[in-house]
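Peer 1: The structure is given below, and queries will be raised subsequently.
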Amino acid sequence: ALAKMATSGTQPLVRRIAAPLAVFLGLLSFSRPARSDEQVPLLLWTSAGTSGPAQVPPSAGHIVEQQHLASYLEEALSAGPRNVLLFLQDKMSLEDFTMYGGAFGNKQDSVFPNLEAALLSSSSPLVLPAVSWPASNVVIGQLQDQLGTAPLYLDAETLGQLRLNASSPALLVFRLPYGLGADLMSAKEVLSGNDEVIGQVLSTMKAQSVPYTAIYTGLRPSREAAALSMEAGLGGGRSLLQFKVTFPGAVQEPVISEGEEPCILLWARSLSVSILRRGRWEEYDLTPATFGKDVSPKLHGSSCDKTKARLVLNYQEVLGHSNFRLIFVMSQRHYKVSARRWFTLDVVELEYDGTKATFNGSRSIYAPAEYSYRCQSVTSHRWPLLAPRTPKDPANQWRVVFEDFQIQGFNVSEGRFSYASDCAGFFSPGIWMGLITSLLMVLVLTYGLHMIMQLHTMDRFDDPKGPAISVPQTE
């Protein structure tokens with residue numbers, strides 16, 4: 001079906017390479033839709049030996065919108081495996097495959113051997129060359145709704161620690177980076193590394209004999225970022241990540257902006273991390289390098305859209321680590337029970353010298369999507385709201401403490417925090433103890449008053465000098 005989509009110019013290429021990925025690359029080379037900088041490709045396949053629905057791909061030049069994408073995903077999951085592997089690359093465009101996928105006969109230079117092998121082994125691969133950028137951002141939300149389960153963010157190393165069940169749906173998300181800059185080889189090396197991660201994950205799933213449905217796509221177009229870099233080099237254009245002053249009193253906070261409107265706000269009176277070394281905790285205060293009048297935190301790697309937000313704070317020389325990153329990953333979705341959208345702080349990550357420590361916060365840190373979240377203390381050790389993802393995660397050797405913490409990743413208006421949803425519930429343990437004690441006292445008092453009201457004084461008295469009182473039994 002894919003071969004029928006190709007134009008006459010792609011037929012020799014398809015016959016030479018004869019693989020689903022090669023057909024895809026041929027389509028990208030010659031049937032590129034208009035305004036390709038606003039679309040991202042999406043590849044879907046199932047595990048070898050697993051039958052899935054054979055879906056008709058879109059015609060050449062057609063852009064898949066959100067509703068159409070939802071129908072593709074629904075049909076794929078209705079008959080295919082419901083253990084979903086979502087490889088979510090930070091940025092992706094058609095040019096990534098045409099430049100680095102061996103689309104012009106130089107197959108030996110392809111950086112996608114594992115991806116191509118997976119497509120070849122699948123009985124029903126689906127290639128969508130152009131998915132509209134807004135639609136690609138909601139893939140996680142659509143998969144969540146259709147599977148009825150929350151996403152689990154993993155890396156290739158920790159996947160082997162899980163024991164998946166073919167009968168229980170699972171949404172496993174693997175975030176993949178993307179290289180940018182003037183050095184074109186850096187992007188090629190990063191894409192090659194991503195392909196190795198895909199191969200490692202698929203090998204782990206094969207070893208566990210768990211059928212799966214895999215999806216490979218991007219959060220946003222990579223060509224857009226390149227175009228912005230070119231504009232900056234020419235002295236024009238705008239910066240995607242900006243730093244603004246939005247609080248009165250000359251208080252600054254990291255702000256991620258898309259266009260002229262900020263989309264992520266963060267404030268804390270104190271940010272600190274501690275690591276366990278030789279039996280004692282060593283603490284480092286990140287506050288001076290994050291907030292202040294003359295402080296400009298480095299925010300490269302941050303991103304935001306309507307359903308996902310990622311705030312990355314970059315530091316140097318923290319507790320002996322030359323490169324240190326504090327990452328907040330947020331998402332929002334619609335919950336049918338409450339009939340409204342909520343956002344959660346899914347994970348807080350510490351990345352240092354190639355190692356990642358992950359704290360899960362989705363169970364405790366959440367707020368309505370139109371609100372901000374605020375808490376007097378967010379910690380990982382004393383009354384923790386953040387917990388290490390697994391018992392073997394490097395996060396068990398770390399402590400994070402955020403004092404007077406407030407964050408908002410969605411629906412930011414005029415560069416200011418919205419109404420804050422506080423972590424302290426309306427009924428605290430002390431309030432409950434006071435209410436229960438008061439209720440018991442009121443019950444005892446009520447019973448006592450009731451008993452007193454049942455007492456009746458005698459209306460006749462016996463006179464010892466007179467005759468005895470005779471009280472008829474009828475009285």
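In case you wondered, yes, glycine gets a Cβ from its N, Cα and C as well.
These came from TrEMBL, pasted as-is:
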{"type": "SIGNAL", "residues": "1-36", "note": "signal peptide"}
{"type": "DOMAIN", "residues": "261-410", "note": "domain 'V-type proton ATPase subunit S1 luminal'"}
{"type": "DOMAIN", "residues": "425-463", "note": "domain 'V-type proton ATPase subunit S1/VOA1 transmembrane'"}
{"type": "TRANSMEM", "residues": "431-450", "note": "transmembrane segment"}
Peer 1: Could you give the residue numbers and ranges of same-chain residues that sit at least 6 residues beyond the domain 'V-type proton ATPase subunit S1/VOA1 transmembrane' (425-463) on either side and whose C-beta is under 8 angstroms from one of its C-beta atoms?
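Peer 2: Distant Cβ neighbours of the domain 'V-type proton ATPase subunit S1/VOA1 transmembrane' (425-463) are 469, 471.
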Peer 1: Can you break down the domain 'V-type proton ATPase subunit S1/VOA1 transmembrane' (425-463) into helix, strand and coil residue counts using DSSP?
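Peer 2: DSSP classes over the domain 'V-type proton ATPase subunit S1/VOA1 transmembrane' (425-463) add up to 25 helix, 0 strand, 14 coil.
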Peer 1: Could you tell me how many residues in the domain 'V-type proton ATPase subunit S1 luminal' (261-410) are helical, how many are strand and how many are coil under DSSP?
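Peer 2: The breakdown for the domain 'V-type proton ATPase subunit S1 luminal' (261-410) reads 7 helix, 93 strand, 50 coil.
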